[in-house]
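Trainee: Look at TrEMBL and you will find 9-153 tagged as domain 'MobA-like NTP transferase'. The GTP binding site annotation in TrEMBL covers 10, 11, 12, 22, 66, 95. Taken from TrEMBL, the feature Mg(2+) binding site covers 95.
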């Protein structure tokens, strides 16, 4: 089923565990977020960055700021849903540089009008690699108003379908891992060296 899809990458902000802005950390001599940007371009999607830091404008892609700051990923989803008129928002985190393009195709092919199509790896869903139908705008606003900001809870209490990605892991589980800590970053750098 063909859908109009708008692509957003959540970037910026101080990661507590990393101690700095993850998207701009260099991995193999490039900012981490650039891997997601390049992946989107490779498959013909035009990514938009949701980031509050001016440094992201230097990457040459459209950047929008959170409509409501300091709400974490739920605020980023709210901003993305309000920013466009597409059928779906494809939402990425900036810290997953190893996602294979086949994983995106798998998500998109599963979209048949459901509210949320979310990736799943090792029985765990990843709200920051998912498709969100734009009819969720009001539901997201309600969650924000009520202080319910946990993305996994939002998905569990919404109509959703989980798409298992385990068959796409080629050599490493890092394909579907977020880089959250300096230790994760070091593992990722070693992977690039192989």
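Backbone N, Cα and C define each Cβ position, glycine as well.
What TrEMBL says about a protein is an automatic prediction, not a curated fact.
Keep in mind that this is a model prediction, so the values were computed, not measured.
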Trainee: What's the most sparsely packed of the binding-site residues 66, 95, counting other C-beta atoms within 10 A?
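Mentor: Sparsest of the binding-site residues 66, 95 by Cβ contacts within 10 Å: 66.
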Trainee: Near residue 10 (GTP binding site), which residues of its own chain have a C-beta under 8 A away, given they sit six or more steps off in sequence?
Mentor: 50, 51, 73, 76, 91, 92, 93, 94, 128
Trainee: Give me the DSSP three-state residue breakdown of the domain 'MobA-like NTP transferase' (9-153), ordered helix, strand, coil.
Mentor: 56 helix, 34 strand, 55 coil
Trainee: For residue 22 (GTP binding site), what is the tally of other C-beta atoms lying within 10 angstroms of its C-beta?
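Mentor: So the number of other Cβ atoms within 10 Å of residue 22 (GTP binding site) is 26.
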Trainee: Summarise the model's confidence over the domain 'MobA-like NTP transferase' (9-153) as a mean pLDDT value.
Mentor: 91
Trainee: Neighbour count first, Cβ atoms within 10 Å, every protein chain included; then name which of 11, 12 tops the list of binding-site residues.
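Mentor: The residue with the most neighbouring Cβ atoms within 10 Å is 11.
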